[in-house]
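Undergrad: One structure coming up, written as structure tokens, with questions to follow.
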2 protein chains.
Amino acid sequence: MVVRLALLGVGAVGRGIIHAVAEKNLGLIITAVADSRSGCIDPNGLNLKELLDRKEKIGICGDTSINAEAIVQTAPYDILVEITPTDARKGEPATSYIKEALKRGCHVVTSNKGPVALHYHELFTLALKNNVQFRFEATVAGAIPILQTLMHNLGGNEIQSLYGVLNGTCNYILTRMAEEKLTYKQALDEARTLGYAEADPTYDVKGIDAAIKLVILANTIWKKNVSLDDVDVTGIDLLTEEALRLAEQQDATIRLIGEIIPEDNVYRLCPRIIPKEHPLVVQGSLNAIIVRTDLAGDLLFVGKGAGSLETASAVIGDILSIRDMDAGGN
Amino acid sequence: MVVRLALLGVGAVGRGIIHAVAEKNLGLIITAVADSRSGCIDPNGLNLKELLDRKEKIGICGDTSINAEAIVQTAPYDILVEITPTDARKGEPATSYIKEALKRGCHVVTSNKGPVALHYHELFTLALKNNVQFRFEATVAGAIPILQTLMHNLGGNEIQSLYGVLNGTCNYILTRMAEEKLTYKQALDEARTLGYAEADPTYDVKGIDAAIKLVILANTIWKKNVSLDDVDVTGIDLLTEEALRLAEQQDATIRLIGEIIPEDNVYRLCPRIIPKEHPLVVQGSLNAIIVRTDLAGDLLFVGKGAGSLETASAVIGDILSIRDMDAGGN
């Protein structure tokens, strides 16, 4: 059985997914694609090489008379793959697309934090009602399949707490400040030059991005009903070089650590002084997560927290997990 | 829908599973249980508290006229949970039980390395033919859900190599030799006293246990067809204190590292000198695995490599994954 995908978003992640579908034998075809200005549909599967060439040459993937909304509503697909940029405040238009697809009885995979952080319970209920899957592994910790692990592989465990480095940009800045004795501003500039930080880095350095991931974890893993306002957030933008120096003098360093203790409704993100040999002291743009469980004990996961191929990996993992569910496993 | 389990084995892992089924609301009942001398069956679900009391008081769980074979062949169940001790040479009687259950159209979950290392392809084919699942997460790396992660969560990735600490007993011995300057014999005696090593530790210290895990990984993740003879194995039993001292003088230490490079058919287990800050230098009885992938990059997993609750966690993860597959996900 071939599974048909409709893809919204043809940025670096989208192109990574298209390459993987074209080059790996995954039992998938792409029947519709939209970028911000155009779209294309072929019920038998689009020619992906032509599509990527067109996108590279003329900047759009298809016909300007076809848009994302039309694709969501009318194209033939089994899974909507929604990978448009995150709008953290309203989650639109992604949330509307996702709802529409779920109502049509199609599965949805997204890398978009907005809809999950803002409307998870509504979207999950809608998916359940329509007997389809709603998955969003790419929204937390990049390439680390932490959501599938906590929701499925460790099923049966009580997840008692979670601690982690959830933002690669901040971790890169802190690593470079410590290693090379850079000032915050110097490290931030370097992160920008290397493409780890956006032109406006506020979202990362003030801790908003990592806090949104805590919201997603809290609401999906522990079925809480929290929003960004419920997270106690301190970013790294006010951190002084002196604080880092003091930590280093004690064979410690500083990392931006997110923390969830569900029993006590603790949702906290702040810079922490931690010993250098602690497993959460990862270098560069890595993410790291420790979970404490009742049966499996403590588990540590480390991997790349961002990047287009890494995000594509998470999206494809979700797609294949739905494909396998539909096929009855094995 | 309640899922019915038949459980073969009432050691510490079995009792952990029984406790979890009794105390957590997992949608599971246990309809049959066998230990080495007795068995019991109740199509409506056994009284688990009574069963555990009986096992503790009189040493057997049921009726001596009922044995494992009878349960496998005639009891009503959806999943056979096979957690009898490993027989690494022949894999019996576990392999026969597993085949019988698969032929009956029942899923199988096992923690038993013998059947998987020796007969994976035959058992997998039999499961496929009968449209049921065959799962064995507990056979590798204890509480770390590495098989589900590699087979499912990272689906779509090419797994290019794997390196890891796969035997907690050896890691404990090496840790103590380095930390406390113990001799190999002193550290081994300590591991025995603490229950980390068996009275006959050959299986662990000569590397057989870790090598069997490499065979399981090679055959299941990469669909290879290798046996224990194909693994280049060096244990830690001939390691001298001097070798460790030399490593320590260079801010390094020694760990027993398993390695798979599938493209080159490299399957190797040997003590390696590695820098102390390397992520595979985990302490005590922990396991640690690094996988290199084409999309997700490098990922590190660390967790407890053995223990009855940890093994129970892996078995229950498999059971719930089958339950979720049968229910169509979510």
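In case you wondered, yes, glycine gets a Cβ from its N, Cα and C as well.
If you look up TrEMBL, you'll see B:LYS213 marked as active site, proton donor. Residues or ranges marked as NADP(+) binding site in TrEMBL: B:GLY9, B:VAL10, B:GLY11, B:ALA12, B:VAL13, B:GLY14. If you look up TrEMBL, you'll see B:LYS113 marked as NADPH binding site. According to TrEMBL, the feature L-homoserine binding site maps to B:GLU198. The domain 'Aspartate/homoserine dehydrogenase NAD-binding' annotation in TrEMBL covers B:9-137. Look at TrEMBL and you will find B:145-320 tagged as domain 'Homoserine dehydrogenase catalytic'.
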Undergrad: Other than B:GLY9, B:VAL10, B:GLY11, B:ALA12, B:VAL13, B:GLY14, which residues of the same chain sit close to NADP(+)? List them in sequence order, counting a residue when its Cβ is within 8 Å of the Cβ centroid of the site.
TA: B:ARG15, B:GLY16, B:ILE17, B:ILE83, B:SER308
Undergrad: Out of the recorded positions listed (B:GLY9, B:GLY11, B:ALA12, B:GLY14, B:GLU198, B:LYS213), which are within 10 Å of B:LYS113 (NADPH binding site), Cα to Cα?
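TA: The recorded positions close to B:LYS113 (NADPH binding site) (Cα within 10 Å), listed in sequence order, are B:LYS213.
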Undergrad: Tell me, how many other CB atoms lie within 10 A of the CB of B:GLY9 (NADP(+) binding site), whichever protein chain they belong to?
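TA: Counting Cβ neighbours of B:GLY9 (NADP(+) binding site) within 10 Å gives 23.
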Undergrad: Tell me the Cβ contacts of B:ALA12 (NADP(+) binding site) under 8 Å, same chain only and six or more apart in sequence, or just say none.
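TA: Long-range Cβ contacts: B:SER308.
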Undergrad: Among the recorded positions B:LYS113, B:LYS213, point out the residue whose Cβ has the most other Cβ atoms within 10 Å, with all shown protein chains included in the count.
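TA: Compared across B:LYS113, B:LYS213, the most Cβ atoms within 10 Å surround B:LYS213.
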Undergrad: Taking just the CA atoms, what is the gap between B:GLY9 (NADP(+) binding site) and B:GLU198 (L-homoserine binding site) in Å?
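TA: Just about 19 Å between their Cα atoms.
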Undergrad: Would you mind splitting the domain 'Aspartate/homoserine dehydrogenase NAD-binding' (B:9-137) into helix, strand and coil residue counts from DSSP?
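TA: Split by secondary structure, the domain 'Aspartate/homoserine dehydrogenase NAD-binding' (B:9-137) comes out as 58 helix, 21 strand, 50 coil.
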Undergrad: Long-range same-chain neighbours of B:VAL13 (NADP(+) binding site), Cβ under 8 Å, sequence gap at least 6?
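TA: Non-local contacts for B:VAL13 (NADP(+) binding site): B:ILE83, B:SER111, B:ALA138, B:SER308, B:THR311, B:ALA312, B:VAL315.
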Undergrad: Among B:GLY11, B:GLY14, the binding-site residues in question, whose Cβ has the most other Cβ atoms within 10 Å in this structure?
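TA: By the 10 Å Cβ neighbour count, B:GLY14 comes out on top.
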Undergrad: Would you mind listing, in sequence order, the residues at least six apart from B:GLU198 (L-homoserine binding site) in the same chain with a Cβ closer than 8 Å to its Cβ?
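TA: Counting only residues 6 or more apart in sequence, the Cβ neighbours of B:GLU198 (L-homoserine binding site) under 8 Å are B:ARG192, B:ASP204.
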Undergrad: In Å, rounded, how far does the Cα of B:VAL10 (NADP(+) binding site) sit from the Cα of the residue listed as 'active site, proton donor'?
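TA: Spelling it out, the Cα of B:VAL10 (NADP(+) binding site) and the Cα of the residue listed as 'active site, proton donor' are 23 Å apart.
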Undergrad: According to DSSP, collapsed to three classes, what secondary structure does B:GLU198 (L-homoserine binding site) have?
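TA: Note: B:GLU198 (L-homoserine binding site) is coil by DSSP, not helix or strand.
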Undergrad: Would you kindly give the Cα-Cα distance separating B:GLY11 (NADP(+) binding site) and B:LYS213 (active site, proton donor), rounded to the nearest Å?
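TA: Here the two Cα atoms are 22 Å apart.
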